[in-house]
Amino acid sequence: MLRFRNSLSRFFSGQHSLSLRRLHARSSRRSHPKSDNDDNDEKIRRRQEKPEAHMHLYKSRGQHILTNPRVLDSIIRKSNVKPADTVLEIGPGTGNLTLRLLEAAEKVVAVEIDKRMVEFLHKRVAEHGFQDRLTVICKDALKTEFPQFDLVVANIPYGISSPLVAKLVYGANPFRGATLLLQKEFARRLLANPGDSEFNRLAVNVKLVADVEFVMDVSKRDFVPCPKVDSSVVIIRPRAEVPDVNLDEWWAFTRTCFGKKNKTLGATFKQKKKVLDLLRISRTPCSNGGSTSNDSNHDCSNNTSADNDEEVDSSEEDMPMSAVFRKKIIGVLNSGGFEDKRPSKLSNEELLHLLSLFNQAGIYFHDHSSPSDADNIELAAALSS
Ligand SMILES: C[S@@+](CC[C@H](N)C(=O)[O-])C[C@H]1O[C@@H](n2cnc3c(N)ncnc32)[C@H](O)[C@@H]1O
């Protein structure tokens, strides 16, 4: 039934507009003098085909419209949209991608911040008879709760890439995949592996919960107006199995390790301020017995806190607490062979192992006096900083 409806709408949109265009081409071949009506028709036709040429586009909102039909079609093809899917599109703009998504999916939910674009999109979609299957939310995508969706397909504003990717992969909505057109450098960072120069905290945090696949590069010439940077398409697929780790602990741990990603862990953890911070955090009782999700690791009831864990060795009796704690940190790094390693070269398995060694020794990273990263999208942006 659905397929039937889809092919009907394809017929009425695609075929219909094609025949109009043919008609127009034929009639323009006739050599009669141009009337005012002809001029108006011509204007309307051009607006339908190249809406971006008729609207002021704001660079501050990342309004670079993808106009190359081959690239638009490839994005749809690679996204594996099924006829029963609900697709979330962030930043539909003038609707070049939206119309193609509506041809392929059951429903599209589009989140667009610019009212002018929303008005334009509604009109354009209605002209193709798809209005019943499109919901537009006119809001900031970072500040709105997303409804349920199966896939994300979007040419997003590049300025919100980090927090948006964090919101998707750590959000509550389960989904099959997110096909995103991103700034090329940002895509390279998402795709980077340990040891690559682009490998950073963003890649580490995304890879914990998702796999990222490269799809294709897109030239800046495929956009109107032409941006300064090239772009790439990637697909982010949430993993079926996520490691059993306390996420607040993990995010805080990766923030500590990747502050200076090319320093050795020994050098990072010997810094006085780091030691004092970790000492304070590890001595603070956790009010909620852990944290938001995947909570098995951080259980204050059976941890050995920084205060009361091991017997103090007699040589430590006169040492200040911070010096004892520093020794303990270095002891953990040594026990796992991590002191001379650099975070930018470690796999997630190695980082998870190091975190569990720290936690077993009563050394914690998440400050319970500050809100959970997961509770606050502004902080979620920090997942990559
Ligand atoms: C790069 S354009 C993409 C337009 C269209 N999807 C295309 O492929 O041509 C980004 C769109 O996102 C919108 N936008 C910018 N910031 C946004 C935000 N925070 N939330 C939702 N939409 C946003 C812009 O108004 C613009 O329409």
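Count begins at 1; order follows the chain as displayed.
Heads up, the Cβ atoms here are built off N, Cα and C, so glycines get one too.
Copied over from TrEMBL:
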type: COMPBIAS; residues: 22-32; note: compositional bias 'Basic residues'
type: REGION; residues: 22-55; note: region 'Disordered'
type: BINDING; residues: HIS64, LEU66, GLY91, GLU112, ASP140, ASN155; note: S-adenosyl-L-methionine binding site
type: DOMAIN; residues: 71-240; note: domain 'Ribosomal RNA adenine methylase transferase N-terminal'
type: COMPBIAS; residues: 286-304; note: compositional bias 'Polar residues'
type: REGION; residues: 286-318; note: region 'Disordered'
type: COMPBIAS; residues: 307-318; note: compositional bias 'Acidic residues'
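A map of TrEMBL features onto the structure.
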residue	record	Cβ contacts under 8 Å, 6 or more apart
HIS64	S-adenosyl-L-methionine binding site	LEU57, PHE223, VAL224, PRO225, CYS226, PRO227
LEU66	S-adenosyl-L-methionine binding site	LEU72, ASN96, LEU97, ASN155, LEU181, VAL218, ASP222, PHE223
GLY91	S-adenosyl-L-methionine binding site	GLY62, VAL111, GLU112, ILE113, ALA141, ALA154, ASN155, ILE156, PRO157
ASP140	S-adenosyl-L-methionine binding site	ILE113
ASN155 (S-adenosyl-L-methionine binding site) - helix vs strand vs coil (DSSP): strand
Three states by DSSP: which one describes HIS64 (S-adenosyl-L-methionine binding site)? coil
Would you find the one among the binding-site residues GLU112, ASN155 whose Cβ has the most company, meaning other Cβ atoms within 10 Å? ASN155
